[in-house]
Structure formats: C-alpha cells, structure tokens
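Asker: Got a structure for you, questions after.
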Amino acid sequence: FTVLFVYFTCISTVQTTDCLHLREQCINAGNGCESVWNVVEDACNISVLGNRCKAEDTVGCNRIIQVLADEYPEFKNCVCTTDHICSITTLLGKLCGINKDNISMETKLHWGLSSLSKQAYTTNRSCLDVNRECVEDEVCNKQLSLYLKVCSVNKKCNVEGCQAALRFFYGNMPFEVAQMMIFCDCIQRDESCHRAKELLHGKHCAVTAVPPPSCLNVIQMCEENEMCRKKYTTFQSKCWRHVTKKCYNDEACLETLLKGGMPCSANADCKAAYVSSWGTMLHMECTCQNLPPVEQPLCELFHHMLHSKSCFS
C-alpha cells in the first residue's frame, strides 16, 4: 500500500495541491528554503504571474530541484527527479508547460562553454581571468548570475541558500571549468583578482561566519547532515584514506600525521571529490584558536584536510 501511495503522489491532483502548500511554507519558512526556491524559479524560468514556466534549461532545472529535495526532504514526494523533462511539472501540475523540442542544457554547455572547457587545465590560473572568461560566456554568465543573485552581499546573507546556489553553480559546470574556478589563485597585491576570487568561492556568504566556528564543530555539523556527510565520506576516502578514525583519539598518531606533512592521494578521484564538496559547510572558514590543548591536534588535522591546497599544488 505504501509503495502505491508514493507512486500516485507523483501524479495526483491532490498531491499537487499539497506540494503547492509546501512551496508556500518554503517561501515563508525563513530557513534558507526561500533562497533555494528562488534559484528554482530562475533555473526553471517560472513566471511570477501565474507560476507558468518554460524550462528551456531542463537539465539545470532538474539539478536545482534535486538540490531542493536533498536540502528539504519534505519535497521528495512532490518531485520525480528521474524525468527526462523538467520535473517542476510534477510540483506545479498543468500550470507549467515544457517544450520537449528545446535543446538540452548539456548540449548548450558543450557549445556555450567551449572557449572555457577546451583550454588545457592548469593550476593557479588568475581568478580575475577565469571570472572574466565566465562573464564573457553566455551560458557561464547565466549560471553565475543565478548564484550571485542568491548570495548577494547587498542583502542579509542566508548561508544555507547561498551554499545551495554555490553547489548548483559548480554542479552545472563541466568538470574542467569547475576545477579551473575552484583552483584559481591571485598574487598578493592584486585586489581586483582577490575580489573575483571571493565572488567565485562564496567568500561573502557561503564560507564566512562570525565568529568562525572551530574545525571540530564544522566536521561535527557536517556529519549530522546527510548530504554533507556523504560528500565528506567520499572526500576523506578518495584523498585521505590513511587518515582513519582510529587515529582521532591517538595523540601520537595525530602528531605523526601532522609532522609528516599530511600527503594525500591527489589523483583525479580525489580532485573530483574535493570539487563536489564545494557549497557545503566543509568549506566554511574555521579556526583552531582558543581550544583546549587536548583538542588542538585533531582540529589542526581537520583544518589541514579541509583548507590546505598543498594536496593539489
């Protein structure tokens, strides 16, 4: 009976009404859901008048709906994210029309981002150059605009919404482009480059908290969140397999790891896991100051794993 019920919730008018009620709750919740929903509206091209949509970007639309369902599980019975056409039709019913003949976003990404993705990947590219190339590219600029709209520094920062937008932004980029942006860098005195880097990396909202939490708290918060825990587990297993939980409470083991320079695998799987973890609390700036001496080594271990780029240099 439960299986049949879940199946019919995806197609019934009653469930569509319930889902519209969920949407209203989301908009009024004040917990970051509204920011994610705003990205849904933009990505799925939903008109403010009548909630009609014409989702030309069906891939991008489905991806942000998946983010919505991951972040706010109450929506999971309202969307069918395996659809080949934009899943928002399940949420808004007949109000939302899809043109199945539209070119898919994946094709557009290969065309529109060709100037970026065809470049040979090199580490430490200037963030100013990468940002400029994204702005000059129609598809990349559209995705960047959606992200910056949610993470705007001109309004009160909503950390959860901004992180969701950051995940959506990097998830919509070809991997070569995403890593080019994430691993970009600046020389010390280039202020324009540093501003571009802050925009690309969510500095103003997604990664900054005042006061900064301890790195121990960041890991704890991540492990309490299903989505973050999965990404951290993958990142740890692909990059730092030798760093086991058995070592966490062993002072001698921690000291050996830290003194050894903490080498990581730095292979393609590791790099992909690191890129995938962007837009989660793992990249929030954290500190090991003012902790009891007994907690200091483990905190420094986590800080190195999360924020040291030596693994990829």
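Cβ atoms here come from the backbone N, Cα and C positions, even for glycine.
Any TrEMBL annotation is an automated prediction that lacks curation.
Sharing the feature lines straight out of TrEMBL:
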type   : residues : note
SIGNAL : 1-16     : signal peptide
DOMAIN : 19-96    : domain 'GDNF/GAS1'
DOMAIN : 127-205  : domain 'GDNF/GAS1'
DOMAIN : 215-311  : domain 'GDNF/GAS1'
Asker: Return the average pLDDT for the domain 'GDNF/GAS1' (19-96) as a whole number.
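Answerer: It averages 67.
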Asker: Tally the residues of the domain 'GDNF/GAS1' (215-311) by DSSP class, grouping H, G and I as helix, E and B as strand, and everything else as coil.
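Answerer: The composition, in the requested order, is 65 helix, 1 strand, 31 coil.
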